Each structure stands twice: as C-alpha cells, then as structure tokens.
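A.B. asks: Sending over a structure as structure tokens; questions will come in a sec.
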Amino acid sequence: MLTKFETKSNRVKGLSFHPRRPWILASLHSGVIQMWDYRMGTLLDRFDEHDGPVRGVHFHATQPLFVSGGDDYKIKVWNYKTHRCLFTLHGHLDYIRTVQFHHEYPWIVSASDDQTIRIWNWQSRTCVAVLTGHNHYVMCASFHPKEDLVVSASLDQTVRVWDIGALRKKTVSPADDILRLTQMNTDLFGGVDAVVKYVLEGHDRGVNWASFHPTLPLIVSGADDRQVKLWRMNDTKAWEVDTLRGHMNNVSCVMFHAKQDIIVSNSEDKSIRIWDATKRTGIQTFRREHDRFWILSAHPEMNLLAAGHDSGMIVFKLERERPAFSVSGDTVFYVKDRFLRFFEFTTQKEVQLAPIRRPGSVSLNQSPKTLSYSPTENAVLICSDVDGGSYELYIVPKDSAGRADYLQDAKKGAGGSAVFVARNRFAVLEKSSNQVLVKNLKNEIVKKSPLPIATDAIYYAGTGNLLCKAEDRVTIFDLQQRLILGELQAPSVKYVVWSSDMESVALLSKHAVVIANKKLVHRCTLHETIRVKSGAWDENGVFIYTTLNHIKYCLPNGDSGIIKTLDVPIYITRVIGNNIFCLDRDGKNKLVTVDASEYIFKLALLRKRYDHVMSMIKNSQLCGQAVISYLQQKGFPEVALHFVKDEKTRFNLALESGNIQIAVASAKEIDDKDHWYRLGIEALRQGNVGIVEYAYQRTKNFERLAFLYLITGYMDKVGFMCKIAGQNNNLMGQFHNALYLGDALKRVEILENAGQLPLAYITATTHGLTEIADRLAAELGENIPSLPEGKARSLLIPPAPLTASGDWPLLRVMHGIFEGGLDATGKAELEEDDEAAGADWGDEDLDMVDASEAMANGGDGFDAEEGEANEEDGEEGGWDLEDLELPPEAETPKNAGNARSAVFVAPPPGMPVSLIWTQKSSLAGEHAAAGNFDTAMRLLSRQLGIKNFAPLKPLFVDLHMGSHSYLRALATAPIIPIAVEKGWSESASPNVRGPPALVFTFPQMEDRLKAAYKATTDGKFPEALRQFLSILHTIPLIVVDSRREVDEVKELIEIVREYVLGLRMELKRKELRDDVNRQQELAAYFTNCKLQRVHMRLVLGSAMGLCYKQKNFATAEHFARMLLENNPNEAQARRARQVQQQCSGKKDSSELNYDYRNPFVVCGATYVPIYRGQKDVSCPYCGSRFVPSIEGQLCTICELAVVGADASGLLCSPTQSR
C-alpha cells in the first residue's frame, strides 16, 4: 500500500472521489461532510446540515453536485460551488445507508433501513420508483455502470439484482400510463418500473455490501459471516462462483478494482484485504492497530482507493505507477506491458525490443522499479522488489528490435539496487552486509567493496563511481580507490538526475529538490508543498522538474517558477528547447510544448548575457507583474521600466534606478503630492537642484524651498520667498526668510507689524538702528525692555555658501546595455545632448517657472504650459499676488545651474599607494599596513603555518591605522586617507614610493623583552607570560632592514619560546595542589629551559627546595650542584651547600619522570620529556617540540601555527627575497 493522503477525524461512513478534480468527499458519523483536496492535503469545505451520522455520499459525474443521505431520513443534494444545499428529498422512513447518482440519467438511488430502495429524479425532485422486496435493512444499493440494473445487499442475507429497464424506457419516452399507480400506492407496494431479476442467497448472515464488476457480468458481496462471495450472472440466472475466506470479523465493504483483476475488501477486523479475482486467493493484507474499517471507494479514472475507518480515512494506491526508464543519448529505454522498449526523441519512433519475464509471485508492487542501460554492450539491468529485491540482466542483440517473440533467459540475482558503473561492469547493493558487488556481464562477481555509509540505494555517478544514498545524506564513492569523493546532507533522496555533461546533479526527494555539482557541493535547495515526481536538465543548465500538478524550472542560483500546469502526473525524460518529452503512468511517450521564454530570460540576466536580454525584450511578449517584480528584486529596475505602462509603477522603478527624467514625466502624469515629495527626496540625493526646486514648487513646500535657495546661494530668490510669505500673512515664514537674508531692518519691520514692539525694539537697538529704536521707545513709554550690560553684540547672518552652484557634478559613467532605444517614447523623453550637458544634471528640459511667477499666476500649478485654472482660487483668496512687482520669469531647471557650473571632468584615477606597497612585497606586515588583510593572512599561513589569526586581528588594525594619516576636508567631502611612507622626504620624486612606515619595530620588541624579564624576576608570572606572548604575536608583522637583524629576530623567537614554555609549566605547577610528584616534575622541566642566568638561579632554587621537602634527595642534590655552577649570590650558595650536605649519598623517595643524564626537550602541550632519539614534531613558527600525537593541532606555545604544518619559514626583511 502506498499511502497518498490521510486524515484524522470522527468515524468515516461514506466516501466518494470526484471523477476529474483531485477531491474526495468524506461523510462522518458526527454529521459533517468534508471535502478534501487529497493532492494538496487541504480541507476545501465542510457541510453540516444533517442531524446525526451521514452514511452515504456521492459526486455527480458532470455537474457541480453531490448527494448525501443520513440518519435523519433526508437525502440532500448540494452544489459545492455555491457551498449550499439545493434541496432535500423526503420519503425514507429510517436511516439512509447509501446514495448514488446514475452515470447518465438524472437519477439517485438510495438504500434505507426502512427495507426499501428508492430511485429519485433529482431534476424534478420526485421519487420515480420504490424497490420493495427485502425484509430487513437494505445496507447498500448501486447502479450498474452500463446496464439497466441495480444491485442491493440486505441484512436479510440476500443480494438482489433489480431490472430498471422499464423505468429507463418510461424516462426516454414518457407516455400517459393509465395504469400508473398513485404516489401512495408506490410507497406501499412498489412500482412496476423496477422488478427483481435475481435473488442471490448463500451468505449465512446479513450482507453489508454488494457491487458490480465494471465490465464483466460479476458481482462481489461481503457479509457478517466474514466471507466475500463472487457471483456470476447471465440473462436468465445468477450463481455463486467462489467464496473468499480470511477476514476475522464482519466484512464492511467490497469492490472490484477498476483496472486490475483484483478484489478489495475491508472489515471490522481492522484490515483491508486484496484478493486475486482470477485465482481467488489472498494477495496482501493491510492492518491498522485500533481502527475498524467501514467503507471503500475507488476512483473512476485513476489507480486510487480510499478507505474510511474509526478515526479518519486514507487515500492509497496498491502499486507504483512510475514506469522504469533510463535515458541514453537520444534514446529512452523503458518497460511497458512486460516489454522492454525504446523511444528515439528526434524521430519520435517507438520500438519494442524484448519481452520481460513475469514475476512468479502474485503479490503487489512486483513491477520494475529502476532501469539501467549500458550503450556499448546494449545491456539492460532491471531492478524490482521481487523476492525482497532482485535484478535481471538482459543483453539485447542488435537485430532483436521489433521482435516481440524474442525471449532470452535473463541473468538474475538478489540485490537492493543495481547500476552499470563501466562498459561491462555493474554494481549490486547487498544491503545485509552493506557492501557493493561488482559483477561482469556473465553475472560473476569481480570485486567486493564495503560501503562507507549505511546505504539504502546506489546510483550511477560517472565511470567507476557510485552515488550512495543513506537516510540523511548522499556520498559519491570511488570503487577503485575506495574513497569518498563528496558528501552532502540530503534526507530521503528518491531519484538522482545527472546533467548530460555530468557536471551537475539534482537530488529529488518527496518534497524537495537539491541541486549540487559533481563533487556534491551544495548549490541550492527548493522545497515543494506537494510531491516531486521527476526531472531533467535542459541544454542551458536549467533543471526542469515536475510535481503532481506542475512543470517547474530551477535556475542555477535557486530561482524557480511554474512553466505549465498539469492535469495528470508525468515523468520527464528529456528537454529539448521548448519541447519536453515525458512518459505518463500508462508508459506512453508524450511531447509537451511549453513556453521557455521566462526562464531563458532570467537565465540570461543571471549570466549577464545582456545582448540576449535586450533581444528578448524587443522581440518577445514577456510581460506581467512576476517579470517586473523579478527584475526589481535582482537589481534591474531600469529593465523593468520597459515592461511597465502603469505610471505609479514606472515612477517607483524610475526612482529605484535613479532615472530622474522618467520619474519627472510620471510624476507629472500622476500629479500627486506624495509623489512630488518622493521625487524631491531622490533629486536632492542626486544633487539635482533644479528638480528639487520644481518638486517643492509643486507641493507648495515654501519652507524647504527657501532653505534650498539659502544653501545653494540664490539669495535673490530667498527675497522673493519673503515677499510671498508676507502676502500669505505667514509671519514665521517671513521672519525665517529675513533671517536667511540677514536683513535686520526687515526683521524689525515684521516684528513691529506683528505687534511684538519689545522684540522689535531689542532687534533695532542690537543692530544699531537708532532712529527706529527711538521711535519704538516713544511708543513703548515705560515698558521699554532693558538690555543686558557688558555683553558684546553679534550680527545674526548665515554664513555665505562657499560651494553655491547649481546641480552637483556627477562622474560620467558608461551607459547601461539597456539604455536608449527600447521604446520610442522613452527614447524621445530621455534623449540628451551629452556635449552641452556634461555632468551637470540641471539641464533637463522641464516645464518649470519660478515660485514667484507661479504665485502671480494663481499659485496652484507651476506648469505654465498646462494652462490649468486655479482650482483653489475661490477658497484661498489670500494667495492672490497680482499686485506684486515681481522680476522676470524664473528660468526652468534646464538653465538652473549654468550660471555658476561648468563641465566637470573627473581626473583619471592613479594607482593607490597601498597597491604599490603590496605589488612586489612578500612581507606580511606591509600587506597588513596596506589594508590587504587577506593576502597578509595567506602569506603568514604559507610562510609560518599560522592558522589562528584571532590574536593578530588588533595588530593588523593597528598596523593599517598607524601607516595612514587622515585629513579632514569640507563638511560635504569624505575624509582623505594619506599613506605614511618610511623615510619620506620633500625632495623625493612623487613617482618613487617607499615602503609603509610600520608602528611595530625590532627595538620595540627589545624594550618589551626587558619589561617581560623584569616581571619574571618579580614573580609576576601571568603578566610576564602576557608580555612574552605579545612579542611572539608581533614578530611575524615586523620588518627589518639587514640580514643581521633577521638573525636577531630569529634568536628573539627562541628566547621568548623558552620563557613561554617555562612560565606555562610553572603556572600549571601552581594549579596542581594534590599531585606532588607532578609538581616536582614540572619544576624539574623548568630547569631544562634556556633562561637568563638570574632566572635560572631562581628556577633551580625553587626546584631544589620542592624536591628536598618531598624527600627526593638525589634530585635535590643535583639541583643544588647546578645552582652552585650558576654563580649564585651568598645566600643562595649557602642554602645550596646545606642541601648538598644533607642529601649526600641519599636516594629519592619517589620515582619521577625525569632523567637529567639523558638530554631531552619538553613537549609544549603535554609537558613530558622527549628524550634524544624519540620521534617528535615541531611548530613551524616558534620551533616548539611536541609528541607526535599533537600533530595537526594548534601550537600551545605561540597560539598561532599548526604543529607539523609545512611552511617556508619566517620572512621579515626585503633582503631575504633578493
């Protein structure tokens, strides 16, 4: 059983498939009818007008109707498009068990517990026949698919077949029937239009279900005696053929399969059983743990069944319908009707090659599952689930094409899956041992190879390679070298599709498509809500795949879309241009022609083949919101512009692409305040002053307009704005403009007119306007405000705009491939005079006038050519400015900037100093100073094997910042970085560049070393360790001038390494409080480090005292002797001699891992001695030694390099590379 869909609900008592749509009706014991889309797995609708359980439900074959019958004695006919019940049929006197539409006539047959069967005309909404004769509940009734018969089953232990031929004749030619019974008589005694033809007796208990065979004169029935009986009938009689036994409880429902010779039954024993209708034997049984089955339904066209049970229903198939096929070159090989066939794509010729052996068993799902073809040997491998998984090898002679009688003995073998891996070799998966067997064409094992992962299936992955599928991932396995060539996380892969060049692979699972390259490096993943069925690569590298109801595409970057909607699932075999070759579920080759222009267009954009894009824009009918949205998302709004006619969309795209001209044209058409506002913002961002001015004029945003005039230096226009504000009685606007102008007299006048005499007096007095101040003082009388004494006065005037000009100069850029010529109107609007305009964007030929002139003409519209009447004149008389003496008409933005701006030509860029620094340098410090951190890291990795760059990050930043100086310029200009060179002088040639001046130098390292020595002497071990490590981390980035200094740097590394090792051991020793032996060993190893003599004396004294305390007298005596050899001071010498005397001739109380007689070095990670002659590995940078097991790990001394890594060596001077 292949479950396609499952629901959880109350007990399902009735089921019905829609004949064409992927819908199923389920009627529940709770009284609800559900309509599901079983393909998408969604609940489409629910209908709940019945009172009590609904036991019968059925779709009409052609109309948007379904019928239902329930325990409320009602039959309801529904229209699922309008979601309502059309009418209710009354007549039954007890529960209604089943209802069914006639396939041709407007009839409904219903079976009821009132012991009758009724036939209704749903068009006239009347009962046309009552079939009486059963003497117990009638459990089901159904029409014959072709003849005028009805079959019914009843708890009176009989199955009855009724002849309704007379009813049909009366319906076809309704004549006045003088003997026609009244409706009451029909209800009581039944009509004469339907008579019993056969009564089938044989069941020992009540019969629950009976149904006709779709084509043969057979009936199948199931009863409470747990038996399924098969009956045959002819024109005169009917008889029992056989009895199928196996159910353990009442048989609820039974029916013939529409396309196969099988019978399907279900029962209250919680099982569904499949029977062979010809051999009358059980084939398969499917069980549920807790749910009894009540109803079955078969799809009239497709190979689908549904079963209702106590907690829902399931939609399932009995067998896979996917044909086994393999594409090779221009041919597809496939299996159909137990024959191996091939189909040529170019000639579209289908040829039958050879018959395929039928499986011996009668169980389901024995058809071929996969097929693999070897073109050189003309051999075919067919795998199936026969005998738990097996394969058959056919070698087809060249001359056998078309000979259906040709039959050969296939070479067989057991195996989960089998594929060809070479010309005459194939691989077979042996699941039990998780190994692959390589066999020749004689079916002999040539080689066995264990697989690297627990493999469920194998697929071809190139000659000699297998793609192994596990539950959660796939790997490519080289059979010859037994190596994994690639691995990818991809759960539950079902199919693998390689491109023709074997460079790309698509991994298809139930609801996902994963695209990867030939080494299984992930490219993209697509997730689908419904099942993915098949796929193939087209010649452009686009993957075309199918789901249950769509053909879709996937571009190399993961973008996808729908090409075509499907009615039935198909399996793609080949894609050639606009033609998709495929197989359907019946194994027929089909050709589907599609429009590939959408994905070809997107692919050309992705690959930047703009000539193709331009050609497609001009010649094809690409349109629609999806293409526009895609272009916008991918950063091509200028291309999307040429598809758009809607002005609002054009405006948005024009702003996004920075195309001010089209934005202005669209804003004029829309003429909406919000769009002018947005246009102003974009024009301001581009520095296009003329357009900004025009946008502010259209929105009457006079405050912004006045400020724009101020910052661009048009002070005369600020004066006009002041007059306009005065005419509008806008005191604040008037005062702001007077402030912008620095006109104190005007400000006094405005304040006086506003009645603010004290403020006017203060302003006049402050600015030295004594006459006006005296006049105002006389008016104020005693209310004269007092001015603060001793404070200096200052003139309130805005600074003069230094960069006052028209439009900002913009760098000239290359025209995009899409600019110009794509549509006639766009070309006319966008035509430019390049020579005249240069980079000054103030030259657009726009219909604009000055704000003052616009005010004079009515104030609403600023477009003089539009000639529009002022729509707001009647309401806003305060805008009337006719009496003003205004200057001549302001210039449009075309000439807005020409008075002060000239053609701007950007200077050619030179080579950055940082690039000069790194061109011929192999020194990591200089690359870091130039800001090329990635190349610096690569150099350090190659030279010193450094892998951990975290400690070097702040040093890189310090080097880069320290080798540059930064110069602030104007507020509108960016900060200018200046490279600081080593040995720079004014007399140097500008074409000769020196190396960068580095902040880290070798003398600095010597100063740090002295500080670290002092911290060590003072016993500040953590601080000393930090300082030594800072030296070790900085050394790779310093640069010295001579070979002698290079040697000194290398010597410094050795010194620091010894101290870091010793200090780490000492800090480790102090952490160990309980392990006294390990404490003594670490103290002893510290004495083996090469230290300064002053520090060596301290270390020896510490080790001597520790060993003496723990009664290791021999070792303590050794340390005392070494201390005396290192010129100790008087106190140290006295102490050493005392220990020597006490320990003379005594032995150690415990054995230490320390032999001072045998030369050794200490492992920097494990702190154990590595004696001479033992194997070790070293750090490529600091030279620390380690036991071999540490190889490949990070060095614990320098914390930078990888132990045992290959490296060329320290490079810290230009002299080393000469």
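Cβ atoms are placed via backbone N, Cα and C, with glycine included.
From Swiss-Prot, for reference:
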- 862-882: compositional bias 'Acidic residues' (COMPBIAS)
- 857-882: region 'Disordered' (REGION)
- 7-48: repeat 'WD 1' (REPEAT)
- 49-88: repeat 'WD 2' (REPEAT)
- 91-132: repeat 'WD 3' (REPEAT)
- 133-172: repeat 'WD 4' (REPEAT)
- 202-241: repeat 'WD 5' (REPEAT)
- 246-285: repeat 'WD 6' (REPEAT)
- 288-326: repeat 'WD 7' (REPEAT)
- 363-404: repeat 'WD 8' (REPEAT)
- 450-489: repeat 'WD 9' (REPEAT)
A.B. asks: Looking only at the repeat 'WD 9' (450-489), what are its DSSP counts of helix, strand and coil residues?
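C.D. replies: Taking the repeat 'WD 9' (450-489) as a whole: 0 helix, 23 strand, 17 coil.
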A.B. asks: Going along the chain, which residues at least six beyond the ends of the repeat 'WD 6' (246-285) come within the CB cut-off of under 8 Å?
C.D. replies: 1, 208-214, 218, 220-224, 226-228, 230, 291-296, 298-301, 303, 305, 307, 309, 318, 362-364
A.B. asks: What is the three-state DSSP composition of the repeat 'WD 4' (133-172), stated as helix, strand and coil residue counts?
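C.D. replies: Tallied per class, the repeat 'WD 4' (133-172) gives 8 helix, 18 strand, 14 coil.
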A.B. asks: Counting only residues 6 or more past its boundaries, what in the same chain has a CB within less than 8 Å of a CB in the repeat 'WD 4' (133-172)?
C.D. replies: 94-95, 97-98, 100, 102-103, 105, 107, 109-113, 115-117, 119, 121, 190-201, 203-212, 214-215, 219, 221, 223-224, 231, 233, 238
A.B. asks: Averaged over the repeat 'WD 9' (450-489), what pLDDT does the prediction give?
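C.D. replies: When the pLDDT values over the repeat 'WD 9' (450-489) are averaged, the result is 89.
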A.B. asks: Are there residues at least 6 beyond the ends of the repeat 'WD 9' (450-489) whose Cβ is under 8 Å from a Cβ of it, and what are they?
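C.D. replies: Same-chain contacts beyond the ends: 372, 416-422, 427, 429, 431, 433-436, 438, 496, 498, 502, 505, 507, 514, 516, 518-522.
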A.B. asks: Residues of the same chain, at least six outside the repeat 'WD 3' (91-132), with any C-beta under 8 angstroms of its C-beta?
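C.D. replies: Same-chain contacts beyond the ends: 14, 55-61, 65, 67-71, 73-75, 77, 138-143, 145, 150, 152, 154, 162, 164, 167-168, 171, 183, 186-187, 189-191, 193-194, 196.
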A.B. asks: Provide the three-state DSSP residue tally for the repeat 'WD 2' (49-88): helix first, then strand, then coil.
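C.D. replies: Helix/strand/coil tally for the repeat 'WD 2' (49-88): 0 helix, 22 strand, 18 coil.
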A.B. asks: Could you give the number of helix, strand and coil residues in the repeat 'WD 1' (7-48) as assigned by DSSP?
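C.D. replies: Result for the repeat 'WD 1' (7-48), in helix, strand, coil order: 0 helix, 25 strand, 17 coil.
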